[in-house]
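Enquirer: Have a look at this one.
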Amino acid sequence: MTSTPMSGTAASHKPVILSPSLLACDFARLGEELATLEAAGVPWAHVDVMDGQFVPNISFGLPILAAARRVSGLYMDVHLMIEQPERYLHDFAEAGADGLTVQVESTRHIHRAVGMVRELGKRAGVTLNPGTPLDAIRPVLADVDLVLVMSVNPGFGGQRFIPASVERVREVRRMLDDLGSEAELQVDGGVTAQNARALVEAGATNLVAGSAIFGADGGSAAGIQAFRDALA
Ligand SMILES: O=C(CO)[C@H](O)[C@H](O)COP(=O)(O)O
Ligand SMILES: [Co+2]
């Protein structure tokens, strides 16, 4: 199967990857939804795991990831919004995650958590809430394959993008460049075809979008095309 990233490029000249958030898809048609993404040439799928503790909402967990893995070759980009994620990293790796991103606020042991993901042979990501100072991720920046800048307070899809996030993306881009890091710089929450270009120009290489894709007039293929047009 082919997977074509978005044609726009970030400052590092990497192709922009779109990671549609399955939180906004029709779970009763999960297999078809994934097949549509693959047919549209999107390389990643974003899997939002919420535990009702770290965030005030419960989404889904291991069985849904395993089901998605069984029917899809997409890169499974798992965003863990759960307390003490170390307890479940092994299980999510077994269930089919390709990348595991942990919230810096969700553990006292972020360095250990990132190391565990790498030991499991998966790509390690770190993320932080809009209210968390960027310095919180500095100690693990050299050890991660992905940094996710949350552009809404995590817990729900369909929220409005927080404009100050663009400046945070720009600052994380500087931090990564200073280290010579090739890590993906991902943005998640309220991302649309309208704000995608500004995010890429600020240094994002990877965009998560849920409602803007699955809620698009004409369905997810049309939503993906809108991002392509915006980044062309
Ligand atoms: O992590 C998330 C929420 O906590 C989701 O990935 C995010 O909200 C995507 O949905 P949308 O694009 O509709 O904002
Ligand atoms: Co997410």
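Numbers run from 1 along the shown chain.
Each Cβ is built from the backbone N, Cα and C atoms, and glycine gets one as well.
For D48, the entry in TrEMBL reads active site, proton acceptor. The active site, proton donor feature in TrEMBL is assigned to D188. Summarising the annotation, TrEMBL assigns substrate binding site to S21, H79, G155, F156, G157, G158, D188, G189, G190, G210, S211. Residues or ranges marked as divalent metal cation binding site by TrEMBL: H46, D48, H79, D188.
How buried are the listed features, and what sits near them?
Expert: DSSP gives D48 (active site, proton acceptor) a strand state. For D48 (active site, proton acceptor), other Cβ atoms within 10 Å of its Cβ number 24.
Within the same chain, the residues at least 6 positions away from D188 (active site, proton donor) whose Cβ sits under 8 Å from its Cβ are S21, H46, H79, T127, L148, V149, M150, S151, V152, V208, listed in sequence order. In the three-state DSSP reading, D188 (active site, proton donor) counts as strand.
Annotation for G155 (substrate binding site): spatial neighbours M50, V55, P56, N57, M81, criterion Cβ-Cβ under 8 Å with sequence separation of six or more. Look at G155 (substrate binding site): DSSP puts it in coil.
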Enquirer: Given a 10 Å Cβ-Cβ cut-off, pick out the one of the binding-site residues S21, S211 that has the most other Cβ atoms nearby.
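Expert: Neighbour-count leader: S21.
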Enquirer: For ligand 2, list the recorded positions among D48, H79, G155, G157 whose CB atom is within a distance below 6 Å of it, in sequence order.
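Expert: D48, H79, by Cβ distance under 6 Å.
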Enquirer: If one looks at the chain holding G190 (substrate binding site), which residues at least 6 apart in sequence have a CB under 8 angstroms from its CB?
Expert: S151, V152, Q159, R160, F161, I162
Enquirer: Determine, for the substrate site, the additional residues of the same chain whose CB lies within 8 Å of the mean position of the CB atoms of S21, H79, G155, F156, G157, G158, D188, G189, G190, G210, S211; present them in sequence order.
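Expert: Those within range, site residues removed, are L23, A24, D48, V152, P154, Q159, V208.
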